[in-house]
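Asker: Following this message is one structure expressed as structure tokens.
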Amino acid sequence: MSRTTPICQYRNIGISAHIDAGKTTTTERILFYTGINHKIGEVHDGAATMDWMEQEQERGITITSAATTAFWSGMAKQFKPHRINIIDTPGHVDFTIEVERSMRVLDGAVMVYCAVGGVQPQSETVWRQANKYNVPRIAFINKMDRMGANFLRSVKQIKTRLGGNPVPLQLPIGSEENFKGVIDLIKMKAIKWKDIDQGITFTYDEIPSDMIELSEKWHQNLIESAVESNEELMEKYLSGFVLSEKEIKSELRKRSLNNEITLITCGSAFKNKGVQALLDAIIEYLPAPNDIQDIKGITNDKASTVAFRSSNDKAPFSALAFKIASDPFVGNLTFFRVYSGIVKSGDSVLNSVKSQRERFGRIVQMHANKREEIKEVYAGDIAAAIGLKDVTTGDTLCDLNQPIILERMEFPEPVISISVEPKTKADQEKMGLALARLAKEDPSFRVRTDQESNQTIISGMGELHLEIIVDRMKREFSVDANVGKPQVAYRETILNKVTDIEGKHIKQSGGRGQYGHVVIELFPLESGGKGYLFVNDIKGGVIPNEYISAIDKGIQEQLKYGPLAGYPVVDIGVRLYFGSYHDVDSSELAFKLAASLAFKNGFKKAKPILLEPIMKVEVETPDDYMGDVIGDLNRRRGIIEGMKDLEIGKIINACVPLSEMFGYATDLRSQTQGRASYSMEFLKYVEAPSVISDLIIQKRER
């Protein structure tokens, strides 16, 4: 079976926004207008198609990135059918990982902003992630029907807060309860959607007389933005020639694809106005897979040669697994983006990261939580595979004979932990399986067993993140668990370099003995919260090569539980430069134990310190409560980094230790009578004050 939609008619897009900007509602309207849903699902009644987890429907927020496919031929049926693969991403900061991995596999993004709240804190995080992966984007300013809606204020904030170059394609006709439609600034016509059929049909009308002057001003702005990078068209425009619609759109598309401008649309998804024109803009101004640069990777040979794959069905197959999800009926679903080539169900491919062969059992196209089985997928497709055994997020799947490893995704380290204990003996085994599966799905979630207490410790990106993990254990795996208080994920490191650190493991009491002897140097690495470097400087074969990896392994095992307070050790280098061995008694185990002893001894002499996670906190508060909010942040050992003015208040930026932020939401609510909001994300690890680290170490020693 050959490709039914040419690759130039594909659009792989993500829909991203701050929580409650109306992103899921916007996606629901897209599914309605593209003909997939016959009844519009509303978030507030728990019926939204894209929010398919029970927790999402209860809380009215999106947690996982649901993927779906839709087709669009234009509001006026002016295009050939375009295939739009949509990923709906969460707006809560605890689920930033979902946004990050979606951005990695997308070609374009739609940023949804609330016309009342404008650019809110999480919007900045999402914008930075789109910048990181160089994703072209357009904006949809939603909720134009709400009290306090202000389109031009939101446009200005995209420039001032995000550093974007916003160019409106439309102006709203009226706002709040008087919002009637939009003005198309290219055609210079008013678009009004009919309420009788939920906005499926529309009319082009003349621009209202009281808006002609404003429309002319923004029409000129649009044309000037279009011709700015094209000298020939600029001259033509300045000479008084009228540019054609085709010329304007072509230049806007080029500039949008180069990330030079962000085109702005507006509407009210809830009132069925504006999403239809947004769909047209997705097709006209966001890239097809063959518009973006060839994907970069390395060949998995010894030289690790840089290689590229183009969005072409004839190129060797390459794809990136960007999400693993558990399905109650088929087990693991592996979501993947095909960058080049074709793969059919039943084909064998290589997981080049793990050097393992995998077989595509079945391939399915996803529509939220519904599945449609398909036989093959092509370059540019996003689909899910059933039957892949050992694939994790970020792995590359590729042609067996032409291997490539695509650039990997980076995942943040968890910053908060809680202990979980099964309530009954029956829950014990089920809990292990449940946590293993959930950890496979989510790279920002970790599970470990505390060596001393033997408790199971789970770690994640925030309180809500872990709350939902515990909730999913109960709902999906029927595991009841008692949950401990949140704990901070501290780290350990050293400040000084120490040398001549010896580790000996010698046992010779009848029978075959054990002999391992190493001499190492420990040194601090640049701070970052995760580094480890092992340098083998053995000369003259004083320790045979076969034991070197065992020495490295022995040290790495010690890194998991630091000697200071049992927290992971980071930012440390180890140089192995001397030792000795015994022809008969030496073994890998003996050298592993000798290395562990040397590391423990050296760590204590190298001025060990505890590192604590610092969070970037952004609080939006009315002016009346500013003093109280700042005072409270100072009491929490926070450092105020700066403030920005809002029309009715301030945004306060601060850096605060995570250990001081537990229960902050409740405290902020009571301080400001519920009128302030905040967001928080991990920033960096820094040395904990001695009064804090002494307390933690004493607690550990008890």
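Placed from the backbone N, Cα and C atoms, the Cβ positions cover glycine too.
Annotation comment: Swiss-Prot describes 17-24, 88-92, 142-145 as GTP binding site. Look at Swiss-Prot and you will find 8-290 tagged as domain 'tr-type G'.
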Asker: Over the span of the domain 'tr-type G' (8-290), how high is the average pLDDT in this prediction?
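Answerer: It averages 84.
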Asker: I'd like the number of other C-beta atoms within 10 A of the C-beta of K23 (GTP binding site), please.
Answerer: 29
Asker: How many neighbouring Cβ atoms, not counting its own, are there within 10 Å of the Cβ of D20 (GTP binding site)?
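Answerer: Step by step: centre on the Cβ of D20 (GTP binding site), count other Cβ atoms within 10 Å, giving 19.
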Asker: CB neighbours of M144 (GTP binding site) within 10 A?
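Answerer: For M144 (GTP binding site), the 10 Å Cβ neighbour count is 30.
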Asker: Would you identify the secondary structure of A17 (GTP binding site) according to DSSP, in three states?
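Answerer: For A17 (GTP binding site) - judged by DSSP and reduced to three states - the answer is strand.
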